[in-house]
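*Asks:* Supplied in structure tokens, the structure appears directly below.
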Amino acid sequence: MALILASTNLLTARIAAGCFLAALVVVLFYAKNWTLRGLCIGFIIFIALVWFLQERTTVRILRYVILFIGVMNSLFSVYDIYDDLISRRVNSSDAEKFAEICPCPCNGVGWGFIWGMISFIFLGASVYLGLIILS
């Protein structure tokens with residue numbers, strides 16, 4: 001949600017890109033395998049290239065890249081919740097464990113549905129607020 005809202009202004013997109021780059025650098029040094037390190041290096045190069053193009057040329061794409069990353073993360077969140085907790089039942093999922101300790105009569109699928117709806121509501125709210133900010 002923060003990345004989607006940050007993409008509405010160039011200054012906030014720069015701040016979001018800087019925070020994203022800092023997080024990637026931290027993950028780069030804590031990563032235990034080379035696949036994750038390679039992905040971090042690739043994203044660092046990509047964001048740095050986009051930022052360089054934003055500052056030095058007439059290409060104004062940084063806001064759209066931050067928007068794309070935010071929307072794709074939100075959409076994948078909804079899909080991952082559906083895939084892990086609703087479409088296939090795994091007794092060791094975090095929703096099943098939460099259902100065991102929570103006094104609510106919901107099972108793991110119920111909690112997966114609730115979490116999916118919360119994630120989808122946040123996605124919709126961020127797109128709506130982004131459109132309000134842009135208008």
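Keep in mind that glycine also has a Cβ here, set from the backbone N, Cα and C atoms.
No curator has checked TrEMBL annotations; they are predicted automatically.
Feature table excerpt (TrEMBL):
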TRANSMEM  12-30  transmembrane segment
TRANSMEM  36-54  transmembrane segment
TRANSMEM  61-82  transmembrane segment
TRANSMEM  113-134  transmembrane segment
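What's the neighbourhood like for each of these?
*Replies:* Counting only same-chain residues 6+ beyond the ends of the transmembrane segment (113-134), those with a CB under 8 A from a CB of the stretch are 1, 4-5, 7-9, 67, 70-71, 74-75, 77-78, 81-82, 85-86, 95, 106.
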*Asks:* Using Cβ atoms and a strict cutoff of less than 8 Å, what residues sit near the transmembrane segment (36-54) while being 6 or more residues removed from its termini?
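*Replies:* That would be 14, 17, 20-21, 24-25, 27-28, 60-62, 65.
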